[in-house]
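Notes follow the structure.
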Amino acid sequence: MKIPFYKYQGTGNDFIIIDNRSNIFDRERRDIVAQLCDRRFGIGADGFILLQNKEGYDFEMVYYNADGNESTMCGNGGRCIVQFAQDIGVMNLTTHFLAVDGVHYAFIKEKLVNLQMMNVAGIDTLADDTFFLNTGSPHYVKKVEKIEQFPVFETGKSIRYSDTFAPGGTNVNFMEMQDNWLFVRTYERGVENETYSCGTGVTAAAIAAEKLGIAPQYVLIKTLGGELEVTFIKKSDGSYKDVFLIGPAKRVFTGEIEVDF
Ligand SMILES: N[C@@H](CCC[C@H](N)C(=O)O)C(=O)O
C-alpha cells in the first residue's frame with residue numbers, strides 16, 4: 001500500500017508526519033515506524049507523528065520516538081504538527097489539539113509556531129546546578145561550562161541509563177548562559193543520541209535556568225539546530241503556568257512510503 005508522508009523539521013529536530021484521519025496507518029506497527037525513522041534503511045527522522053481525528057479537538061497528535069515506541073510529549077514535534085495542520089487546512093491561525101500529556105493550545109504568528117506546553121507542577125533540585133522536571137517528557141538539566149566542548153553523548157547516555165531514572169529513563173540536557181542566550185544541548189531518550197534540538201528539553205532548561213537565577217521568565221534559546229524562545233509564569237506555590245515554546249517549523253519534503261500491513 002502507498003501512503004503519502006510529509007517530512008518537517010523544527011530547529012533541526014526532524015519528523016515524519018502522516019495524515020491519519022482516515023486510519024490508513026496501523027498505529028500498532030512500531031516496527032514500521034522504527035524502519036521509516038532509520039537514517040540508512042528508511043527516510044530518517046528523530047520521531048514519527050500521526051495526525052488523527054479526535055472529537056472535541058482539531059486533531060490528536062500521536063508521537064513515536066525513532067526507536068518505534070510511542071512516547072511522552074514532543075515539543076518540537078508539537079510545533080511541526082501545528083504547522084502541518086495549517087498547511088493541510090485542519091486549522092487556520094489557532095488550534096486546540098490533544099496529545100499524550102493533555103490539551104495544547106497553539107497559534108502561528110509571523111511564521112513562528114507558539115505552542116502552549118503543559119503546566120509544570122514543580123522542579124526537583126538534585127544538586128546546586130542540577131534539576132529534574134517534567135515538561136510533558138522527563139528531563140534532567142545540568143548547568144555546565146564550555147558547552148560546545150562538553151561530551152553530551154557520553155555523559156547523557158550514562159545518566160539516561162542510570163539506576164536513578166530506571167526503568168523509564170530520562171532525557172538529559174546541558175545548558176550554559178552565554179550573554180542573553182541560553183545554549184542547550186540534549187541527549188534524547190528513544191533516539192539514543194544527541195539531537196539538534198529538543199522542545200520539551202529547552203523548556204525544562206529555561207525553567208531550571210530561572211530557578212538558578214541565571215535567566216528571566218522569557219528567555220532566548222540557542223540549540224545546535226537554531227533558535228527558540230520560552231516564556232512562562234512562575235507561581236508562588238513553585239509551579240509554572242502559561243508555558244510557551246516558540247519557534248519555526250518547516251516542511252522539508254513530501255513523498256510516498258510503501259508499506260505492507
Ligand atoms: N524531541 C522531543 C522529545 C521527544 C520525546 C523524548 N525523546 C522522550 O521520549 O521523552 C521534544 O522536542 O520535546
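Each Cβ is built from the backbone N, Cα and C atoms, and glycine gets one as well.
A TrEMBL annotation is a machine prediction, not a hand-curated record.
Note that the structure is predicted; figures quoted are calculated from it, not measured.
The feature substrate binding site is assigned by TrEMBL to Asn13, Asn65, Gly75, Asn76, Asn171, Glu188, Arg189, Gly199, Thr200. Secondary structure from DSSP puts Thr200 (substrate binding site) in a helix. On its own chain, Thr200 (substrate binding site) has Thr72, Met73, Cys74, Gly75, Met117, Thr135, Gly136, Ser137, His139, Asn171 as residues at least 6 apart in sequence with a Cβ closer than 8 Å to its own Cβ.
Per TrEMBL, the feature active site, proton donor maps to Cys74. Mapped onto three states, the DSSP output places Cys74 (active site, proton donor) in coil.
In this view, Cys74 (active site, proton donor) is surrounded by 30 other Cβ atoms within 10 Å of its Cβ, with every protein chain counted. TrEMBL lists Cys74 with the feature active site.
Here the Cβ of Cys198 (active site, proton acceptor) has 33 other Cβ atoms within 10 Å, regardless of which shown protein chain they belong to. If you look up TrEMBL, you'll see Cys198 marked as active site, proton acceptor.
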Legend entry - Protein Cβ atoms within 10 Å of Asn13 (substrate binding site), excluding its own: 30
Inset, instruction - For the recorded substrate site, whose residues are Asn13, Asn65, Gly75, Asn76, Asn171, Glu188, Arg189, Gly199, Thr200, find every other residue on that chain with a C-beta no more than 8 angstroms from the centre of their C-beta atoms, and list them by sequence position. - result: Asp46, Gly47, Cys74, Gly77, Ser137, Thr186, Val191, Thr195, Cys198, Gly201
Legend entry - Neighbour-count leader, CB within 10 A, binding-site residues: Gly75, Asn171, Arg189: Gly75
